[in-house]
């Protein structure tokens with residue numbers, strides 16, 4: 001569960017919640033390999049993002065394998081503010097009366113890979129995502145990242 005962000009043209013950005021519904025959430029959960037009953041959340045339920053708003057007017061049928069296959073505005077074409085950032089919960093047993101806390105310092109993600117299990121290592125620190133220098137990088141570091149993910 002969390003704010004939905006997409007990676008396009010070398011940068012991460014958010015999705016505007018215009019037309020955002022449970023069918024869109026179903027595609028996000030499927031794309032992430034998560035099961036459960038998908039639930040779309042609007043109005044920056046998980047907090048406002050920063051950076052570009054990359055998608056707007058997303059209208060999935062619910063059968064697509066990824067958001068890229070859904071009807072949507074052109075990349076970067078939007079008329080929104082971050083207070084409209086879209087979110088998703090893939091857990092049918094979670095009821096969230098309050099927004100989740102922001103990302104924890106040291107959270108890792110992979111970016112730019114051909115699949116969700118590979119890519120450039122990025123770490124969340126002081127409100128921003130940054131890369132990890134490969135000086136002294138070994139299989140041991142990769143194992144730690146894989147465990148975190």
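The backbone N, Cα and C atoms fix where each Cβ goes, glycine too.
The domain 'SRCR' annotation in TrEMBL covers 1-91 (among others). Note on the domain 'SRCR' (1-91): its mean pLDDT in the predicted model is 89.
For residue 80 (disulfide bond), the same-chain residues 6+ apart in sequence whose C-beta sits under 8 angstroms from its C-beta are 16, 17, 18, 53, 56. Per TrEMBL, the feature disulfide bond maps to 16-80 (among others).
Look at TrEMBL and you will find 29-90 (among others) tagged as disulfide bond.
Taking the Cβ of residue 70 (disulfide bond) as reference, residues of its chain lying under 8 Å away and at least six apart in sequence are, in sequence order, 24, 27, 58, 59, 60, 61, 64. Among the features that TrEMBL reports, disulfide bond is placed at 60-70 (among others).
Feature annotation from TrEMBL assigns domain 'SRCR' to 108-149 (among others). Same-chain neighbours of the domain 'SRCR' (108-149): 7, 12, 32-33, 50, counting only residues six or more beyond its ends whose CB sits under 8 Å from a CB of the stretch.
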Message: Just to be sure I understand, if DSSP states are collapsed into helix, strand and coil, how many residues of the domain 'SRCR' (108-149) fall in each?
response: 10 helix, 16 strand, 16 coil
- prompt: CB neighbours of residue 90 (disulfide bond) within 10 A?
  reply: 20
Message: Can you tell me how many other Cβ atoms are located within 10 Å of the Cβ belonging to residue 29 (disulfide bond)?
response: 21
Query: Using DSSP, what's the helix, strand and coil tally for the domain 'SRCR' (1-91)?
result: 16 helix, 24 strand, 51 coil
